[in-house]
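Asker: Quick one: the structure is below, questions incoming.
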Amino acid sequence: MQTQESKIKWFWYVFIIGSAFIILFSDVLSAFFWGMLAEQFQLSKLATSCGAHITTIMIWIVGSYLLLNFIHKKFNFNLFKVQTGTTKRGILLCIILVVLVTVFMFVLWGGFKPWLEYQSAITRLGAYGWVDFILQNIYYIFEMLVCLILVAFGQKAGEAATSLNKIPWGGLLLGIIWGLPHALTKGDLTVGLSSFAIGIILGLPYILLNRNAGQTWAFMAFMFIL
């Protein structure tokens with residue numbers, strides 16, 4: 001009986017993580033779709049970029065809602081229900097992480113990332129590039145929602161397999177999901193390793209904040225945007 005329960009449990013872990021993975025990388029299809037529309041109807045770069053961002057944001061919102069609703073009904077588990085309180089130490093450590101990631105990205109990008117992205121949007125898309133810049137940051141926020149689902153259930157799966165609850169299993173999973181594709185598509189091991197490291201760091205707040213999903217999402221978004 002125990003073995004059968006274990007098999008069912010792992011099937012659902014794989015299902016949830018796999019579903020979140022598909023939702024996360026739907027942005028590739030969205031970009032491809034809007035690229036085809038742009039070519040067919042001679043859309044401007046601004047319209048194409050904004051359209052791709054809006055489409056992806058909607059997919060991430062709807063996909064995350066459906067997946068979390070399914071999880072709640074199937075397992076009576078509400079990811080955003082606060083079960084334990086966070087500590088001042090945990091919040092302080094997360095703030096330190098945000099600062100460290102911001103410094104790391106400053107060095108990696110050669111400047112303050114949001115400002116450089118804003119300048120890039122204006123350069124590429126013209127005076128109304130700021131619209132795309134805002135959409136891009138909303139895009140980042142909901143990208144982190146999907147990543148939060150991966151982190152939370154990657155963490156639960158790792159703990160179920162090992163009973164070790166201090167290891168950032170969710171961050172390791174996110175690091176692999178981000179790092180490996182970057183290494184393969186860019187052909188650059190350094191890019192892959194930095195993406196792997198960022199994935200692990202993004203998963204740390206979930207442990208530091210005692211599985212508080214709402215606060216974790218906020219810190220993940222801050223780290224990713226900055």
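Cβ coordinates are placed from backbone N, Cα and C, and glycine is handled just like the others.
Marked as transmembrane segment by TrEMBL: 12-34, 46-71, 91-112, 138-155, 167-184, 190-209.
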Asker: Cβ under 8 Å to the transmembrane segment (91-112), counting only same-chain residues 6 or more beyond its ends: which ones?
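Answerer: For the transmembrane segment (91-112), the list is 194, 198, 201, 204-205, 208-209, 215, 219, 222-223, 226.
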Asker: Under 8 Å between C-beta atoms and at least six residues away from its ends: which parts of the chain pack against the transmembrane segment (12-34)?
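Answerer: Tertiary neighbours of the transmembrane segment (12-34) are 43, 48-49, 51-52, 55-56, 59-60, 63-64, 67, 71, 74-75, 143, 146-147, 149-150, 153-154, 156-157, 160, 173, 177.
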